[in-house]
């Protein structure tokens, strides 16, 4: 908002249509945001320009000359700027109660939304908010209140009413209040309420842009002010307290003037002495700084490691880009952009201008639909957008991509009810991450075909025995065809090579192609000129060399790109997503089959025999066996029954099930696994640094060898063979061209990423999710494997095998204390108590103490349930017998007096013994670290033949971390130890992070929740062996690729340079070099699919 909002109306300037007005600087003071005018009696309303116009801010120093009302003495007082009638801090915990009550009251009156998820609002009772809104207010505003002591400024900045009770300027009951403010407050709260999925009306594209900006801000990505928060605009510093409040005018589009813009009356006001700050009108709200944004770009045109280096260097020079990751194999770039320093559009334009790549943004977050729109798509996009629609973009001639909030509006509701026919769903596009690669393969294929069609006549004219009397016509035809090939086919190489050299300072493969083809073509043109002049050169023209060279280079690139693309597609996880779903349509009655993209929250769908489950859900009716092997690696079908969780992409067995949707197709388990696999593909191991270093020197070395070859062959031709200078130069040129082209750094560049991409995909098919390439590189060096006990080596299904109860009346308290805990011991004890008919007593706010137990206070009594060591009961006569039996013991005490003791035992996983034995046979040291009692841990260790010195019991998370640190410090010889920690996620976060490789054994669908380096999709310890095997096979393939690249380039350059007298590579066939060098690298990686890991 510009600071000059009153006085004479601002002069409009022409801007793009529907551009909202905004200010670039948030550093304006409260006086600058005020709208004092000594000539007008009332505060001027906010002037919102019509579409196509934007308000130009007036001078920031809008107050008349003199001193501002808030002088230095006032600023140093305890009176806060935003609340003149209170002392700082102006807000307390009662403000949280008022905010919760306000939101609760608003939610009660909001109309229910037809297709939104059902949410139960209790509504306010006895003047107090419901628990849901109390918790929501505490979560959102508690930290701000504690840090600043004030919530008013944050609320005002969001366009809401302040929270303090005494607020003259914001009192809605005051006679001077404007009804438009109340209306705006209701709209704002309804629109921004986190618990409300209710429709509050449509939005225009410009308002949707505002919504997107607001969404960014609410995610903690606010722009920091240069000197002072923008909420200072609420300060009443330039307005005397005795001045009446003039309600600001509010436009129907929801824009409200801040309180500072309406607090000045017609009486003269002393102006503050401030420095004039520059202001700037921003015509596009999307280009304003709004924190960070994650960007994924699909890059078309990357062919070799030099292209990736160029991409990296170009983006690294952009100040707004942070945390850059690139992948040659995936043709992708990911980074975070600081929107204060630049926009995504600017970065993409800069990248395309300096590299000649074609970039397309991939939006993987949120829900989106591709719609075919009849008529003019621009008109469709300019209409009022339905509530919940966030963005629209044209992706085809008649295709519009609509991004929307799936929790606000459903996909089917948008397509069938809001828009309806003739708007229809576009055909599915497949995996968006692979689209750029497919387009690139098709483009290279078309160019290769054109090049071949133009080259074949040139070869016929050069090699066929044609009559010599028409040689001039044949030469002219060859020149014309060769020129077309050089301009149309080889032409794009020139700007790429030159821009890489100028902007990125990279000498890449394209430069070698440009030098070699240009040399052959230019020499042939010169020779043709001599021929036309009647003085032909003895060497003649070799247009066939330049054209065939270009064609074979294109063939090599097309075959390499096709093989690379097919290899990536073969391990695409997203291809498991089912295309259709059968839903129960309540409105139409009965069942109907729909596109899976139209599923929305609240749907119930049917899974027929031998069909894929369309998305994650919970079984309501029916039972069956489901094959989950493609996601978890579990070969045996898994039984499903009511309340069981089904996973998207799994294949149903003979039964029919009715399933309630829990996650949409764009956010289900398939999507989560694919995202983690992509993360591993984008990461780079240390071996990649070696490959990049070699590749960076490769092209300069080849250029140097070419010059040496050229000089040597001139010397040999003149001095040894006695040839003329012209003939010697021509022959030297043919050798130089061959050396330039036949050498290929692509094999080196693909040696590591190709293997990482295939290995991560193959491992995912076997239920092993590598979340980083480093884990693939290092896992085969594992020297220590540390297992957690409960839920890892054991099934985690504890059962009570013994108990001693001193006071039966205390058991309801114990059940109330442990029933909400997710720890396996608490779950087992709670199930046992329920099974014996115990009824719980509500215990207030149980507190879980990691590695110890649970405690709470009820009616002044201290309740504790946990392990015997924490409670100091290890020597208790009731506890000792259970410990001796190797049981896990839980003690319950009230005021430090034991009331009950329970002994629990768990069952070993069936593959635990075999896994430990195999690891020990490979020379890997196996350890057990557990928080369980000593007897239970050592009993299990003895069954698995784990040495006693490798066993640690009663370990807190900190103890586990210290133990792993000790192992990491035990260096044997020159080898650094590699420690793998494997746990089920319960109290293991610290240990997972401390280990070299953290392995999380997952048993649910929330695979993305783990911070581990590797996730095992099924609860099987054999996954640790599979992880190590996959790592070993992958590293072997990487070293094979390095070896092949070295051998090929060594012998190819020697052959091309004429080092072997009786054998050489003809220059016209040197273009096959890329094909010969790259295909074995791709084949070595792809063969991992059939390798036994």
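Yeah, the Cβs are placed from backbone N, Cα and C, and that goes for glycine too.
Straight from TrEMBL, the features:
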REGION    1-32  region 'Disordered'
COMPBIAS  9-19  compositional bias 'Pro residues'
COMPBIAS  20-32  compositional bias 'Low complexity'
COMPBIAS  175-188  compositional bias 'Low complexity'
REGION    175-208  region 'Disordered'
COMPBIAS  197-208  compositional bias 'Polar residues'
DOMAIN    293-360  domain 'HMA'
TRANSMEM  444-466  transmembrane segment
TRANSMEM  472-490  transmembrane segment
TRANSMEM  511-533  transmembrane segment
TRANSMEM  694-720  transmembrane segment
TRANSMEM  732-762  transmembrane segment
TRANSMEM  1038-1063  transmembrane segment
TRANSMEM  1069-1088  transmembrane segment
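Within the chain carrying the transmembrane segment (1038-1063), a Cβ under 8 angstroms from the stretch's Cβ atoms is held by residues 687, 691, 698, 702, 705, 709, 713, 735, 738-739, 741-744, 747-748, 750-752, 754-755, 1070, 1073, 1076-1077, 1080-1081, 1084-1085, all 6 or more beyond its ends. Here the transmembrane segment (511-533) does not touch the transmembrane segment (444-466). Their Cβ atoms form fewer than 3 pairs under 8 Å, with each pair 6 or more residues apart. 444-466 is the stretch from 444-466, 732-762, 1069-1088 with the greatest number of Cβ pairs below 8 Å to the transmembrane segment (472-490). For the domain 'HMA' (293-360), the DSSP-based tally of helix, strand and coil residues reads 24 helix, 25 strand, 19 coil. Within the model, the domain 'HMA' (293-360) carries an average pLDDT of 87.
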